[in-house]
Amino acid sequence: MALLITVVTCFMIILDTSQSCHTPDDFVAITSPGHIMIGGLFAIHEKMLSSDDHPRRPQIQKCAGFEISVFLQTLAMIHSIEMINNSTLLSGVKLGYEIYDTCTEVTAAMAATLRFLSKFNCSRETVVFQCDYSSYMPRVKAVIGAGYSETSIAVSRMLNLQLMPQVSYESTAEILSDKIRFPSFLRTVPSDFYQTKAMAHLIRQSGWNWIGAITTDDDYGRLALNTFAIQAAENNVCIAFKEVLPAFLSDNTIEVRINQTLEKIIAEAQVNVIVVFLRKFHVFNLFTKAIERKISKIWIASDNWSTATKIITIPNVKKLGKVVGFAFRRGNTSSFHSFLQTLHMYPNDNNKPLHEFAMLVSACKYIKDGDLSQCISNYSQATLTYDTTKTIENHLFKRNDFLWHYTEPGLIYSIQLAVFALGHAIRDLCQARDCKKPNAFQPWELLAVLKNVTFTDGRNSFHFDAHGDLNTGYDVVLWKETNGLMTVTKMAEYDLQRDVFITTNQETKHEFRKLKQILSKCSKECSPGQMKKATGSQHSCCYECVSCPENHYSNETDMDHCLLCNNETHWAPVRSTTCFEKEVEYLDWDDSLALLLIALSLLGIAFVLAIGIIFTRNLKTPVVKSSGGLVVCYVMLICHALNFASTGFFIGEPQDFACKTRQTLFGVSFTLCVSCILTKSLKILLAFSFDPKLTMFLKCLYRPVPIVLTCTGIQVVICTLWLVLAAPSVEENISLPRVIILECEEGSALAFGTMLGYITVLAFICFVFAFKGRKLPENYNEAKFLTFGMLIYFIAWITFIPVYTTTFGKYLPAVEIIVILISNYGILCCIFFPKCYIILCKQKTNTKSAFLQMVYNYSAHSVDSLALSHVSLDSTSYDTATTNQSPGNKMTACQNDNHLPAQVLPHTGTAKTIKASKTLRQKRSSSI
């Protein structure tokens, strides 16, 4: 194909090597008269040729690289204006147009803008400087264009001088939405803010977070890249590299920069997705070289080139990988298709691009449609051959389908909307004016109406928002190979307001899912149960995966941090993907330890019943009588039974009633039991006391019923205050990581301690009294056993304190149960078991005579000891008196001693002791 083009070129006859325009009219590309003139700016050529003059002169040069797609855009504007002229919208008012070729150069666009702003019907073609342009009549009333954002920015700054409406069909730079800087600019496409937002959303949804970006070094490229970078960061997407290419093909460094960009793409092997904000000719050159280097990636196309046929038809373009792009929402363009079918009959006298296209088609008449675009772009305005009009028409007729194939429906529709918006605004403005007159209205008046106009394309209604934008949305397109040809397929729609992709069928949904199979990440994906941990890289997308700690979880991939479980109700192990509900634990009835403790409690109750039966059947025996009688024994046995029964409230699911009952029941019943033991200790001590003063004191103190009631009553008051002021209650202990301990919270540690402390004080008093009576007769040694019982109690509860404070969990109640059982069994065994042993095994000693003999022997032994003590004491006194006293004093002493002789004093003392012994035996017998 290249050889054929070269051959054709060699036979060209160069007819024109002069400058592109001699007069301003030569600068006009397409023109048609009308009552109201509309300007148009289109980059019909992709570059302007450089001047060979030295030094360079300020002259407009010829252009090269005919852009078929942009040429079709000029035809779309012409067709849309003719649709309005042929309708009844303006009632006889005809719209005219002046369309200029910017050659993708801002300079050329500004030159055309100067002509737009020049004074109407002035032969000098000048822009008149004025302080007030309110009544100024320029050459045109409004401008459609330009396509590229950088050009529109420059043009808009000039049009702002007269507030001339400018409606762009393709410029998407976000900065143009700023109505302070660009008050007269409007557009029929969305801002790049929405496009970059949609791109970032697509990338995130596809699971990519490590991408590259390529843009141009101009206003559009820099602004688009900055906006995209912000949107990408908000979606946790990192840009591995940002490559910037020169804005114009005339730049000598563009080839070098493209090669450097491709080297960067190859070097970043983990980057498989690249966002491209470039012009069509940049993409064409980039892709051509990328195919040569066998680079295959996912290319995210901007709306500038996503549907460009020139790029889609690049040979072997499928080797580049997948192309996913965003295109302007398309509408009904069927009438434009019909217009193209009759293009060969359209007059081209005032349509230089059409005439040029016809000549290019003629020059490339032997080229196939697939290569025609490349052939056409190789010519410049200075290297064309001219043919007869009839021959040109024949070639155009043969190439009608080729033109339709190069149509970009989204852009064609946007141009139609721009023309329709102006048409409806002019209609509203001309309802009370004669718009056939050139001075019917000024451009700034049209701008005011245009901002608020509601217009239609025949089906849908539209209006500009506060920023002058028409947010029609985007089509998400995918390049697919069909029958050996690359085609553009609509994959989804992007809703700007809801920020969602709307798929139309199952096939497109499948295409979306296939995108997720491609990996483009800096780091390996963190699985559920892990979280990302930053590394030394400056990018947040480069990380390492670490497991979630205990009580944390992550249920999605690539989570930035693990989520905390609700520690009160849930838990999670290390590297968990979910939270598990905590198991509620308490000392349940089916627990082996609980069963053992209950068995011991029931055994204790059985012992109590057995002892009660034994005592009842042996009610008249001395052992039972010496124990205080059946009433005292029953009271103590009932207290023991209640103590054993209270352990049942420590087992099972805690309830408020059980929590309040268990400590109160134990405290009151155990206090009553200890109070009874206290009275027994006092009675024993009183019965066998030899000290007259102590005996008198114990007789005054010994009041059994008041002692029991008082001691027990104090404990009742303590427990009552406890229940009223800070009653125990059920509490969920959540301090353990995996379980909830359902337990009784004692309410007040002070009250709990006071209750136990009070019992301890009573037990200590009992211990002291019992210890004093530990040397009683062998068959009457109850005090000795009481001493052992109290010692067991003290040991048990002293051990309880550290064990209770250090034990945690569901077995905490078991600690108190064990202590209760030990203290209860200790007292029960020490008080009642010896008596039962005597009743059952030593019945001979369980008689009144045996007890009297035992008491007599003990009393005699006690009296002999007492007599010996008195004799020793009296002898010592006598010797002292004999040695130290005078005869007179001796006489006084004798008189004081009942007037007995001095030599019988020892015998007199012995007699008194024997008398006391008789009295003591009578007292012991009465106590029995």
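The backbone N, Cα and C atoms fix where each Cβ goes, glycine too.
The 10 Å shell around the Cβ of Asn332 (N-linked glycosylation site) contains 13 further Cβ atoms across the protein chains shown. For Asn332 (among others), the entry in Swiss-Prot reads N-linked glycosylation site, with the evidence type sequence analysis.
A sphere of 10 angstroms centred on the C-beta of Asn555 (N-linked glycosylation site) encloses 13 other C-beta atoms. Feature annotation from Swiss-Prot assigns N-linked glycosylation site to Asn555 (among others).
Marked as N-linked glycosylation site by Swiss-Prot on the basis of sequence analysis: Asn567 (among others). Counting Cβ atoms from all protein chains shown, Asn567 (N-linked glycosylation site) has 13 others lying within 10 Å of its own Cβ.
What Swiss-Prot records for 1-20 is signal peptide.
Residues or ranges marked as topological domain 'Extracellular' by Swiss-Prot on the basis of sequence analysis: 21-594 (among others).
Swiss-Prot lists 616-630 (among others) with the feature topological domain 'Cytoplasmic', giving sequence analysis as the kind of evidence.
The annotation topological domain 'Extracellular' is assigned in Swiss-Prot to 652-669 (among others). According to DSSP, the topological domain 'Extracellular' (652-669) comprises 14 helix, 0 strand, 4 coil.
Taken from Swiss-Prot, the feature topological domain 'Cytoplasmic' applies to 691-706 (among others), supported by sequence analysis. In the predicted structure, the topological domain 'Cytoplasmic' (691-706) carries a mean pLDDT of 69.
According to Swiss-Prot, the topological domain 'Extracellular' annotation covers 728-750 (among others).
Per Swiss-Prot, topological domain 'Cytoplasmic' is recorded for 772-784 (among others), and the stated evidence type is sequence analysis.
Helix, strand and coil counts under DSSP for the topological domain 'Extracellular' (806-812) come to 2 helix, 0 strand, 5 coil. The feature topological domain 'Extracellular' is assigned by Swiss-Prot to 806-812 (among others), with sequence analysis given as support.
If you look up Swiss-Prot, you'll see 834-928 (among others) marked as topological domain 'Cytoplasmic'.
Positions annotated as transmembrane segment by Swiss-Prot: 595-615 (among others).
The annotation transmembrane segment is assigned in Swiss-Prot to 631-651 (among others) on the grounds of sequence analysis.
The transmembrane segment feature in Swiss-Prot is assigned to 670-690 (among others).
Beyond the transmembrane segment (707-727), the same-chain residues lying 6 or more positions past its ends with a Cβ under 8 Å from any Cβ of the stretch are 659-660, 663-664, 667-668, 671-672, 674-676, 678-679, 682, 747-748, 751-752, 754-755, 758-759, 762. According to Swiss-Prot, the transmembrane segment annotation covers 707-727 (among others), on the basis of sequence analysis.
DSSP assigns Asn567 (N-linked glycosylation site) to coil in the three-state reduction, placing it in neither a helix nor a strand. Taking Cβ pairs closer than 8 Å, the transmembrane segment (785-805) reaches residues 677, 680-681, 756, 760, 763-764, 766-767, 770-771, 774, 812, 815-816, 819, 822-823, 826-827, 829-831, 834 in its own chain, all 6 or more past its ends. Secondary structure at Asn555 (N-linked glycosylation site), taken from DSSP and collapsed to helix, strand or coil, is coil. You'll find the Cα of Asn567 (N-linked glycosylation site) roughly 18 Å from the Cα of Asn555 (N-linked glycosylation site).
Between the CA atoms of Asn555 (N-linked glycosylation site) and Asn332 (N-linked glycosylation site) there is a gap of 46 Å.
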